[in-house]
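Only one structure is covered here, and it is reproduced in the block below.
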């Protein structure tokens, strides 16, 4: 892992800025070449002194893939050399295959054409394969490929961290062997960085590597200007959508609101918002491409655009529309999410302007994926991109503190020392805390070397300023000029922080406005969907749910399970309950792994946006050790705090007790949350320092006056609140009751009042009757005014199978686990006395 000192330069260095300077200083045996006068060109592969490992870092639109095709044609001319091309996406595989066929190169096929699981034989000697399927290539083929090509290598390596990577160890070992031993390697990407160069230098030797750094980008990028807007303008959205709904059906979808001159919206020229700018261009007859990082906004903005034209195409994961990029010129408006990414490029000069709505959230796409999707449109007639970054999904809690400073301001010496000292310290701490993560993968070669970059990209999504700074650095690396709306003069620290304050306030207001519209973003679910007759649903109910679940409740749950975040929370709470039902799982990793494999793998039914019953695959996390650590700590905390979420709402969590309970296990918990939830938590000692708090407020758009003085106790509450909502969907809220417990005070029994008085240390020896005890309790109200918290749970928790038999009032084992646990050899069960109930076994 390479250490970066400056929080202002970290994002640029992780994406390959100053690459040649680093190579000259640290790897002088590598030859380098700057190309700035035109599209990228490769050295001739036929030249005897050409080095066998070629690394190309160049912006999007610099001609990398064209140069690769020319290089391949040259080296394969009158040759039987074998070629393996490893890609990161199926769409990218298909696009490269089409380009190879158009270039007239014969003998190539894709992994999609294989009828057998294992690809073997001469027909696969020139193969295009997605990295997730690399283990399906026969070892004899892998050991004999002459050329290995990794276009978009950083994205390809990033797939090692994807939930779709089911065979991580095999794939990592195969890719390591290919990079180390195959005769010729070509690696290309717009964000190749020093980590990759350093790894390949160790594997192949500096004397065998040549690096090309392209500094040219096609005019479609180099002339492009990007403006980051500070307001979404939902007042215009609501105005148009409300009128649109009231129109007769025969007049839809074309609409002109006649509140202004010439039947157009009355928008002030000074009203520069996302929707005002979009409205002007739609009314002006311009063609628009629009990227959205969320599905819901893509549907909302599609309905907005339909008010002006019926020529609208929407591409997201909930629609079955095939991605035919050649048809885009038939539409005035094309709206897409990250389903359109590397490997797909629209080259026609059809669209005038690009708009982008980006919402950084812990479960959303990282900024590199956003950047890749923005680059799919190669030419814009007006060379303008307007971006709105929704800050409402980023964390404002003290456990999430921004780590990065904007590099443009830093280059001008504009960041005060009080900011840079704090963020540099946080970057150092983050690097330190990444080192012990993913211990289960330490034996691998590639995965551990890039875990820091992966965790950095995921964890920074909790902070809007970090996300903005990363995107800013990526866009500038592609020679795109970036400006901030309202900051027309030189961007400085004060203007940047003011921008964040306005952006966060606008985002919160905008989210309230869009809540009413989001319900209609997708097709409504038919009530008559018959899920009860499905065998798959019946098996699902038997495995996870109470047998008395009602059809309407089941339908609602299956609809929610179509969302990845709900599926993750569903498995987490199921595992928490299973571990508490089987205490041996808390002491034996083998027992835990068997239970986890049972609940976190296989197919489960879902109801998609179309309202039809479907299935999705659950994939176990390879990092079972990290999961084991996390669930053990959560089980311990739940036991000590009296949290039983499947048994009903839980009340009266005392923050003092919470702090005491969390103290001993904080380090293990923080590391586990970083590994499993990709969520980096700032410890209390760091978070409570005055400079850190000031930096947090300034770079998060939070005004100091609105927040009380924090403490270790409030930090513990914040940490628990944030992480348990992410992991389990449980919400921690301030209790509004006077006394602990959910029973109304007038309904308290004598024993319950005695317990309350004893818990508060109140002497009740003189009180014998219920009336006397009640009077004493009411006189002692002031002693119960300490802050307490309730835990609110999702409605679907009522459907899950629990250890508690409510009718009998007893706890019991989950019966369906008996056959699963019977497969575990007795030697793997814990030997600690008291850990196993031998009667149950």
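All residue numbers here begin at 1 and follow the chain in the order shown.
Any Cβ shown, glycine's included, is placed from N, Cα and C.
Summarising the annotation, Swiss-Prot assigns ATP binding site to 58, 59, 60, 61, 62, 63, 64, 65. Around the Cβ of residue 65 (ATP binding site), 17 further Cβ atoms fall within 10 Å across all displayed protein chains.
Annotation source Swiss-Prot lists domain 'Helicase ATP-binding' at 45-210, citing sequence analysis. Across the residues of the domain 'Helicase ATP-binding' (45-210), the predicted structure has a mean pLDDT of 92.
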Residues flanking the ATP site, with Cβ no more than 8 Å from the Cβ centroid of 58, 59, 60, 61, 62, 63, 64, 65 and excluding those residues themselves: 39, 40, 190, 214, 217, 218
Neighbour tally for residue 59 (ATP binding site), based on other Cβ positions within 10 Å of its Cβ: 23
Chain-internal residues, separated by at least six, CB under 8 A from residue 58 (ATP binding site): 35, 40, 64, 188, 190, 212, 213, 214, 215, 216
Fewest Cβ neighbours within 10 Å, where candidates are the binding-site residues 61, 63: 63
Conformational class of residue 64 (ATP binding site) under the three-state DSSP mapping: helix
